[in-house]
Structure formats: C-alpha cells, structure tokens
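Undergrad: According to TrEMBL:
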BINDING   Cys39, Cys47  [4Fe-4S] cluster 1 binding site
BINDING   Cys48, Cys51, Cys56, Cys71  [4Fe-4S] cluster 2 binding site
BINDING   His260, Cys296, Cys334, Cys452, Cys482, Cys523  [Ni-4Fe-4S] cluster binding site
Amino acid sequence: MSDQFISIYQSGEEQLLEKAVKDGAETMWDRKAAQKTPCGFGEKGVCCRICAMGPCRVSPVAGKGAQKGICGATADVIVARNYARMVAAGTAAHSDHARDIAHILHMASRDGNYKVRDEKKLMSLAKEWGVNTENRDIYEIAHEVAEIALNEFGKPFGTLKFLERAPELRQKVWEDLQIKPRAIDREIATILHSTHVGCTGDAESLVHMSMRTSLADGWGGSMIGTEFSDIIFGTPVPRETEANLGVLDEKQVNIILHGHEPSLSEMIVMASLDPEMQKLAKEVGAEGINLAGMCCTGNEVTMRHGVKIAGNFYQQEMAILTGAVEAIIVDVQCIFPALAKLSDCYHTKFITTSPKAKITGATHIEFHEDNAMESAKNIVKEAIENFKNRKNEKVFIPEIKSNAVVGYSVEAVIKQLDKVVNPHIDPMGTVKPLADVIKAGVLRGAVGIVGCNNPKSKHDYSHIEIMKKLIANDVIVVTTGCAAQAAAKAGLLTKDARKLAGQGLATVCELVDIPPVLHMGSCVDISRILTIVGEVAKHLGIDNSDLPVAGIAPEWMSEKAVAIATYVISSGIDTFLGITPPVTGSDEVVDILTNRVENMTGAKFFIEEDPHALADKVLGRIEEKRQKLGI
Ligand code: SF4
Ligand code: FE2
C-alpha cells in the first residue's frame, strides 16, 4: 500500500490536542470527560420528559424497577416516541433548509444575485410538474416551479410529487403501507401531535408514522434541497480539490465555511473572488483569500467550485486550534456552540449568520438573501480585517492534505457511464452500464456510506475501514456528508485508489474513469443516491429492496441521521448503523426496526459497532440479495 493510504488517520489531531492544552483551550474531549458515564436511561431511550407529571424514567429490564411512566407509558412507547421525535427533528432540519432554497429560486432573476444556472434541469422539472414552458421566460417558469415546491410543504391535499420518481413497485409498497407522505410540514406536525402526552401509545404505530415522516425528508425536503440547489447553483460535475487541515495557508486570510446551506456559502465564494476583496486582503499583508469548507456547506462549495475541504464535523474545533483561521462562518446545523469560547482563545472570529442558529458569544452578522452579495462582502471583510490580529506564535497548521475528485451528481455519473456505451447498440444517458455490471457480478453491489463523526468512535476510522473493505470486495461506494470528507482525506476519492479495489471494481473504474468511492455531495444529496438506486431498479424492472445495495452510517450522531436512516429503510434499502441508537430500552422497538420492518418495507436496520464485522455483514447481505435475484 502506498504512503498516501497509510497516512489516512494522520491529520495532526494529536499535535493539535496537545496545543489545545498548552493554549488553555477546551475541546470536546474535555467536555466528554466531564460528562463521565453517560446516562444509562437516555442511552437506552427510556427517559421521558414529554409532560410535567414527569420526567419519568422506566426500567429497561422487564419485571425490575418502574415499568411504566406516571401516565402508563411503557418502555416500548417511550422509546418509540423518542425515536419518532428524532425523525421529526431531522426531517424538519433538511426540509427547512430546502424551503429556503426554494424561496431563493422564487426570488431569482436575470440581474439578481441568484440566477438559474441549470436551465436544462429546471425545464425538465417544469415538465415533470406540468408547468407550461412554451413561449415563457425562464424566470417566469422558475418562479412557478418554486411556488409548486413551496406548496409541497403545506398543501392541504395529495401526497408529495417526488414520490412518483420511485420505481412503481416501491410506490406500491408505500401505498399498501399507507406511508406516502402528504405535505412535508403536515407530517412533522402530525408526528409531534401523535407523540404528545396522551396520544399514540403503540410502538408499531409510532415507527409506522416515523417512516411516513422520514419519507417527507428523503423524497421531499432533501430532494427539493438537491434539485433546487442544482438549478440555482449548477449541477455538480467532477472536479479536483484537496482535503484536510493542511489546506489552510499561513500566508493567506483563511476563511472556513461551516454549516449546510449553499445560499450563503455560494455568495461568500463569489465575494472572495471580488477584486475589491482581493485588494483588501493584499493591503492587510496577506497573499490572498483562502476559503476552505467543513461539513455539508463544504461539500456544496467543493462540488460546484472545487473549494478545498478543511475537514469534517469532528475537525471544527481543530480548525480553530490551528490559530490560522481568521473567520469561521456558519449558517445552520452541526455547529458546536463551543466554537464561541474556543475562538476567544485565538484571534478567530466566529460569525453566525442565520436567525435560525444564533449562538451566544458569536459575532452575528445576519445574512439576507435579498442583498446577498453585500451581506457576503461584509462578512468577508470582517475576516480580512482580522488577519492583522493573528498571533504567529500561536499558529500550527498540520502539513497533511490529500487530493480528491468530488462532484459526482447522478448526471455526472451517467455521463461517465456513457464512456462505455456503444451508441449503435445501446442508448446513451442511462444507468444501463451500471445495472449490467451489477447483474454480471463484476460489481457485487453498491453501497452508500454517509453521515457524521461521533466521539464514541475513533475519528473517521469506521468510515475508512468499511470503505476499504467494501471496495476491495468489488462493491462500489458512493458517499456524502462527513463520510465523503473522511474519504477525501484518506485519498479514497482519487483514481489512484483503484489500487485498493478488487479486480472487478478496478476494471470498471478504469473503463469509466472514476474513483472507486464517489463523492455525491452533502447530506441532503442522499436524495441523489435514492435517485440512482431507483433508476437501476427501474431499469431492471425490480424494486429497490431486490437490489444488492445498502446504506451505512458508521459514525452518525444527529437527529437528521435518524431521519435519513428511516427513509432509507422505508425506501427498501438496508441500513447499517455503526453507533447504537437510543432504542435498546425496548425489545419491541428493536425487534420492529431490526426484524419486523423487513416484512413491511423489504429492508431493515443492522446495528454493529465493529467496522470490520459491519462490513462483513454488508457483504453477506449483498450476496444474499444477489442469490435471491438469481444473479
Ligand atoms: Fe411520564 Fe408519561 Fe409524562 Fe412521559 S408522558 S413524562 S412517561 S407521565
Ligand atoms: Fe450534513
């Protein structure tokens, strides 16, 4: 194995943590230690504080201790209720993000800050949704399409439009189970209502409702987030970038973009290229402005502009500990409130921008979409002016970074696949070549590896170990979110990483000219994975659940991840979790999620904390599916 792959787990973390001690800076590890042993009731999901008669905590052990809350809720009900509320919060986060993007398309104009960059995608969506496109201005069409999307959040009748994109067999499963989500907000409101004290008192019903709500995320909010971001900012194409803290540059003004929505980060990218800003940077003695992304906002801007990746979720504190960051600019989701205090140890400005995510101790510069460029320039200016406050004796940038190729949207994947199509025999622009190699067994299957970092697991270790094992066994990996950034840092998003792939996958990568692990974007872009799986299933005339595919969240931590995992299961795709969710206090809920749900959706949860054992289970399940299919 080449050196490049040996350096996978070296990201200067140890040195930075030593530096933190020296600098008197507090990190998540200090706070984790202060937590001592985690609350056993919370860990098992049996703590309820839904009403003021409680809080109640019931014993997860049958026949021992309190078996019911004051209202009579059993461990099964309490666990299922807590699970349902996690799904609701996760769905709300992705969908509220999407709503803002749809509003942006609604305000887009030819001479405004936000434009239509992918007309083809807009026109095809307009057609899909029955919008008249003849002799109409593209912006008129855009506004109508945006209005339809905005109505998906609160329409009084009908189910979500994007559900119709799924294979017919899958739509039938949803129909039969009665889990086709109606308006997105309605599903979130209904499940919050149903989990109020004195409402649903049945675990299976709560899981059932959770599935419907989660589908409003995957086939609703997330899909709107992806599609509309592509229309406004451009559909990603493969491009080269670099990843890890080594992308920070001592000689430049370093700005970290962290959070989730592309509306702000896109404008910051544009603002930083503005000659006026570049001039300002030179005036303060810097060689230029160096943008680097983190978490999903990092994925959004790297996919569309090749902006370098500073790291993933776990590295947000590390970035500040380098002492070389002038500003960390955030919008929503996955932002440690701890960054406020940590920034105080350095010259770093911690700038919050969204009224949805204000943080005590941060500098709040509100970002307004209607004067987006001006807002973005003000924010960049703050960072530039802060360069003079940098204390060189406090700077340490680990010299570690890797090359990566990012930006494999479904359209980009299909374009790569076209390389092996003989146009005299087969049509161009389809997933047929992918379906063919899966059917032939050259690829044993395809797996999506997604999600966060979690201090319960060694940073990035599970992501990378699982990816390596799967590609070595001829399973192609697609990845999003912080998992994708782990892959980028480990060098797995390079064509060179074919060396680590099995012979079948290596050959496919060679012919199609792709890395064995494909970066498909941010967490909302898991909708891209749903789309490509659905297309392959449609092509073969089968359901998603028949395919040798799986989803894995090796180091997940957020409620969004619970919503994702639930919609992946509900979409017929097995989901493997590397961190045990807080459901083990109820045998009933565990049995539903890891067993009975398969009879409903054709897929189920697997929980396995050991990454190697997890990868083995995935491979086993893939072969099982192949056998059933007779391929
Ligand atoms: Fe206790 Fe029931 Fe109230 Fe929960 S809803 S706190 S179990 S009384
Ligand atoms: Fe994310």
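Cβ from N, Cα, C; glycine included.
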Undergrad: Based on DSSP, name the secondary structure state of Cys47 ([4Fe-4S] cluster 1 binding site): helix, strand or coil.
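TA: Reduced to three states, the DSSP call for Cys47 ([4Fe-4S] cluster 1 binding site) is strand.
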Undergrad: Rounded to a whole angstrom, what is the C-alpha distance between Cys56 ([4Fe-4S] cluster 2 binding site) and Cys523 ([Ni-4Fe-4S] cluster binding site)?
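TA: With distance taken Cα to Cα, Cys523 ([Ni-4Fe-4S] cluster binding site) is 34 Å from Cys56 ([4Fe-4S] cluster 2 binding site).
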Undergrad: Quick one: which residues besides Cys48, Cys51, Cys56, Cys71 have a Cβ within 8 Å of the [4Fe-4S] cluster 2 site's Cβ centroid, in sequence order?
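TA: The surrounding set, listed in chain order, is Arg49, Ile50, Met53, Gly54, Pro55, Gly69, Ile70, Ala73, Ile78, Val197.
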Undergrad: Among all chains shown, work out which of the binding-site residues Cys47, Cys48, Cys334, Cys452, Cys523 has the most CB atoms within 10 A of its CB.
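TA: When each Cβ's neighbours within 10 Å are tallied, Cys523 leads.
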Undergrad: In the same chain, which residues outside the set His260, Cys296, Cys334, Cys452, Cys482, Cys523 have their CB within 8 A of the centroid of the CB atoms that define the [Ni-4Fe-4S] cluster site?
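TA: For the [Ni-4Fe-4S] cluster site the neighbour list reads Cys295, Asn299, Phe313, Gln333, Gly481, Ser522, Ser558, Lys560.
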Undergrad: What same-chain residues, at least 6 away in sequence, bring their CB to under 8 Å of the CB of Cys296 ([Ni-4Fe-4S] cluster binding site)?
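TA: In sequence order, Gly259, His260, Gln333, Cys334, Gly481, Ser522, Cys523, Val524 meet the Cβ cut-off.
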Undergrad: Can you figure out which of Cys39, Cys47, Cys48, Cys51, Cys71 (the binding-site residues) comes closest in space to Cys452 ([Ni-4Fe-4S] cluster binding site), comparing Cα atoms?
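TA: Checked the binding-site residues Cys39, Cys47, Cys48, Cys51, Cys71; minimum Cα distance to Cys452 ([Ni-4Fe-4S] cluster binding site) goes to Cys39.
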Undergrad: List the Cα distance (Å, whole number) between Cys48 ([4Fe-4S] cluster 2 binding site) and Cys39 ([4Fe-4S] cluster 1 binding site).
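TA: Approximately 13 Å lies between the Cα of Cys48 ([4Fe-4S] cluster 2 binding site) and that of Cys39 ([4Fe-4S] cluster 1 binding site).
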Undergrad: Other Cβ atoms within 10 Å is the metric here; tell me which of the binding-site residues Cys71, Cys482 scores highest.
TA: Cys482
Undergrad: Can you tell me how far the Cα of Cys51 ([4Fe-4S] cluster 2 binding site) sits from the Cα of Cys482 ([Ni-4Fe-4S] cluster binding site), in Å?
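TA: About 35 Å separates the two Cα atoms.
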Undergrad: Pop the Cα-Cα gap between Cys71 ([4Fe-4S] cluster 2 binding site) and Cys39 ([4Fe-4S] cluster 1 binding site) into the table, whole Å please.
TA: 22
